[in-house]
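A quick write-up on the structure given underneath.
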């Protein structure tokens, strides 16, 4: 049996490429809930659609929940847990506090899924499906979601502070952050394209617009002066920490490739966006950015590969973890 299992694992990797479908715990599969909860993807899609129609920015927020989950202990819905007893919630960590949103949307989806299929669909799988639907509903690609994740029994406040990339990160730090998760530089550039929709708080981009050491502030042709002035009108040197700026000022509510146009022009909102071009000494990243900026379908195809790969980081399967009844608390 063990030989057959290994053989099956190899075949999956051959047919599906480097998408991270293999984990130490076992395999995620397509149509995991085909018999146990056949309506789960329809329930999720319908409710993500409602949430995004009410608030277009919610698409980016829901996608971000999946990202922030996977970078801390793996894709196990640990970031959905509330503080309980001695366990401090990841929601209280710096990258999430007063920033992460969409928890009520997940709560509502989980409630409806539990009504249809009690103790069957994990919160971690719901996050993965929600991320796919959030992207697709805003004009981005749609992909098949590999399922079968279980939910973590704990959160990691320290892990959230340590492993989620900072908006002021250098390129070297970003590459190291992603490598730690088993993601390469190509995945970094591709997944950074998630910033083609959504908004960020002033506190996240203040350093980028007031740091006089950045070369763009000394641009002799004044190419960035107007853009910087607009950002400074939104975000003063002190105060208004929660004022919002669009991550993609051209099409902030659509998932497209204009993010890459922006960073080529030095008009990424976050420092971590602009360093992809500015600090790329070898030129390989710049080539990838140019390729995505000129070919949206290439970006979409690469994005599907990278987000599926990300969605399989350190997943819990089989007898590991549990299927929470309420995403905010472990089962009693």
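FYI, residue positions are counted from 1 along the chain as it appears here.
Cβ coordinates are placed from backbone N, Cα and C, and glycine is handled just like the others.
Curation plays no part in TrEMBL annotations; they are all automatic predictions.
Straight from TrEMBL, the features:
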- 68: active site, proton acceptor (ACT_SITE)
- 69, 72, 74, 76, 78, 90: Ca(2+) 1 binding site (BINDING)
- 165: substrate binding site (BINDING)
- 195: heme b binding site (BINDING)
- 196, 248, 251, 256: Ca(2+) 2 binding site (BINDING)
- 37-117: disulfide bond (DISULFID)
- 70-75: disulfide bond (DISULFID)
- 123-327: disulfide bond (DISULFID)
- 202-235: disulfide bond (DISULFID)
- 27-331: domain 'Plant heme peroxidase family profile' (DOMAIN)
- 1-23: signal peptide (SIGNAL)
- 64: site 'Transition state stabilizer' (SITE)
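Here residue 68 (active site, proton acceptor) is positioned 9 angstrom away from residue 74 (Ca(2+) 1 binding site), judged by their C-alpha atoms. Rounded to a whole number, the distance between the Cα atoms of residue 256 (Ca(2+) 2 binding site) and residue 75 (disulfide bond) is 25 Å. Ranked by CA distance from residue 70 (disulfide bond), the recorded positions 76, 235, 251 have 76 at the top as the closest.
The recorded positions examined here are 37, 70, 72, 235; by Cβ neighbour count within 10 Å, the least packed of them is 37. Mean pLDDT, taken over the domain 'Plant heme peroxidase family profile' (27-331), works out to 93 on the 0 to 100 scale. Among the recorded positions listed here, namely 37, 123, 248, 256, 123 has its C-alpha nearest to that of residue 76 (Ca(2+) 1 binding site). For residue 72 (Ca(2+) 1 binding site), the nearest neighbour among the listed recorded positions (117, 195, 196, 235), judged by C-alpha distance, is 195.
Between residue 69 (Ca(2+) 1 binding site) and residue 117 (disulfide bond), the C-alpha separation comes to 24 Å.
With residue 123 (disulfide bond) as the anchor, the candidate recorded positions are 37, 165, 195, 235, and the one with the nearest CA is 37. Cβ proximity to the Ca(2+) 2 site centre (mean Cβ of 196, 248, 251, 256, cutoff 8 Å) flags the following additional same-chain residues: 197, 250, 252, 254, 255, 257, 258, 259.
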